[in-house]
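Student: Below you will find the structure I want to go over with you.
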């Protein structure tokens with residue numbers, strides 16, 4: 001009924017602006033309501049724009065596959081290799097071994113490794129990888145507590161093994177529905193109300209579970225490829241302002257790394273105070289004299305899991321080298337303060353981060369997963385590091401189409417003049433200072449993203465905020481970057497994002513816990529982003545002046 005009820009808008013006022021507004025509203029309603037899958041809703045502009053004469057079919061089609069898609073494909077190739085050869089598990093267990101089994105340090109250790117992994121893998125993949133490891137540690141805590149209370153010496157032997165079915169088999173990112181998580185058959189049948197030996201054990205489980213989903217969100221902020229919303233922003237910004245050569249892997253990393261570090265520390269303190277109390281001396285000591293029997297057994301369990309991985313393998317070494325090489329090439333392409341490696345080529349502007357990503361991703365299909373000197377007992381010494389099936393299992397095609405739908409909507413708004421019309425309606429806000437406009441945008445986006453998907457929310461708001469910035473003569477980056485970061489803070493409900501749903505499905509937390517903890521994390525995020533954009537963001541992006549590339553865009557749009 002939605003398309004039919006809104007049909008009078010383009011029929012009564014037949015103009016390109018009203019037709020584009022009709023398509024935008026219909027698509028946004030489908031995205032927010034999730035009446036159809038997000039990817040399917042993103043195809044609405046592909047047939048409505050040509051029908052209403054806003055864009056040709058060929059023009060719309062070209063918007064669905066961009067440079068960012070190639071960048072994502074290369075990163076997914078590396079992620080598939082990391083996951084296939086268990087490099088993520090080795091990194092996570094090693095970091096937790098360093099942190100120890102004291103509750104406070106254990107939570108911080110898991111948060112650090114989750115942030116690091118989420119910089120390079122999707123937030124959902126990272127959460128699905130780390131949660132089974134965290135669950136094995138939590139179950140060891142629980143069963144050791146039951147052994148302490150019942151003097152049952154055999155309980156330790158009944159501890160849960162790392163669930164084999166939860167790691168690489170990622171839950172589908174479909175509309176926030178809870179993923180199915182297979183439970184181990186080794187779990188003894190205990191009544192729900194007696195699952196946790198003490199209330200403190202339950203609090204530790206809540207704290208560690210929630211810390212992982214929040215850490216995955218924080219880690220996704222750091223790199224331009226860390227989460228799909230960062231990619232959406234980068235592509236839409238570069239499409240709208242092609243003369244602005246300010247957003248690349250290096251500048252984004254320099255801006256967002258301090259934000260992530262501050263958020264990591266403050267989020268850890270917030271969760272610790274909320275669930276474990278404010279006695280940091282008791283829960284964060286590295287002294288062996290202060291360790292309880294349960295903490296010693298938990299550390300033993302983590303060491304056992306690490307020992308099962310065996311010595312580091314040849315494919316893990318190759319994957320690690322590719323990981324480091326991709327990062328270095330991204331950083332040194334156009335670092336800004338010194339000439340990058342692209343200056344070695346005669347023709348400028350041909351090579352992007354996607355070039356590096358796809359090149360290294362392609363090589364993973366080519367390089368054998370065995371040493372150059374194969375053993376006689378190896379069946380297939382020429383098997384590659386990853387196969388096409390490994391790539392397809394992780395490639396989020398729904399996100400690719402969703403991002404393409406966003407580009408199509410943005411192109412329609414630009415061609416039809418709708419973005420300029422929206423900008424004119426927002427002129428009454430011209431009296432507000434830039435920080436106030438940015439704060440309002442952050443709060444609005446943070447509220448909407450709790451109920452709508454992050455990519456869909458950002459796709460709707462980016463053209464509006466761009467038009468607003470141009471109208472108010474504010475550097476567009478002053479509003480677009482904070483809004484892009486705040487759209488990731490949908491952390492108060494299980495449906496806010498897929499990592500929340502994964503953590504919720506383990507059963508340690510209730511919705512009330514997520515709302516209470518998530519509100520604090522949301523507030524921390526908005527405040528830290530506002531601090532960043534008004535301090536170190538100003539010299540990094542020259543935010544005090546209305547840039548020439550935005551002036552050119554404004555003049556072109558007016559003409």
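The backbone N, Cα and C atoms fix where each Cβ goes, and this holds for glycine too.
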Student: Which range is it, out of 280-297, 334-351, 352-369, that shows up in TrEMBL as transmembrane segment?
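Tutor: The listed stretch tagged transmembrane segment in TrEMBL is 352-369.
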Student: According to TrEMBL, which listed range is transmembrane segment: 246-271, 480-505?
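Tutor: Checked against TrEMBL: transmembrane segment maps to 246-271.
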Student: Identify the transmembrane segment range according to TrEMBL, selecting from 312-331, 372-391.
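Tutor: It is 312-331 that TrEMBL describes as transmembrane segment.
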Student: Which of these ranges is annotated transmembrane segment in TrEMBL: 65-83, 84-102, 103-121?
Tutor: 103-121
Student: What range among 156-186, 435-465 does TrEMBL describe as transmembrane segment?
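Tutor: Comparing 156-186, 435-465 with TrEMBL, transmembrane segment matches 435-465.
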Student: List, by number or range, the same-chain residues at least 6 past the transmembrane segment (352-369) whose CB is under 8 A from its CB atoms?
Tutor: 67-68, 70-78, 80-81, 85, 224-225, 248-249, 314-315, 318, 322, 325-326, 329-330, 333, 381-388
Student: Okay, the transmembrane segment (399-423) and the transmembrane segment (246-271): do they have at least three CB pairs under 8 Å, pairs separated by 6 or more?
Tutor: no
Student: Which sequence positions outside the transmembrane segment (435-465), separated from its termini by at least 6 residues, show Cβ-Cβ distances below 8 Å to it?
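Tutor: For the transmembrane segment (435-465), the nonlocal Cβ contacts are 24, 28, 31-32, 34, 38, 41, 175-176, 227-229, 232-233, 236-237, 240, 399, 402-403, 405-406, 409-410, 413-414, 419, 422, 429, 472, 474, 476, 478-480, 482-484, 486-490, 492-493, 495-497, 522, 525-526, 529-530, 533-534.
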Student: Cβ under 8 Å to the transmembrane segment (517-538), counting only same-chain residues 6 or more beyond its ends: which ones?
Tutor: 210, 214, 255-256, 258-259, 262-263, 266-267, 270-271, 274-275, 435, 438-439, 442-443, 446, 477-478, 481-482, 485-486, 488-489, 491-493, 496, 544
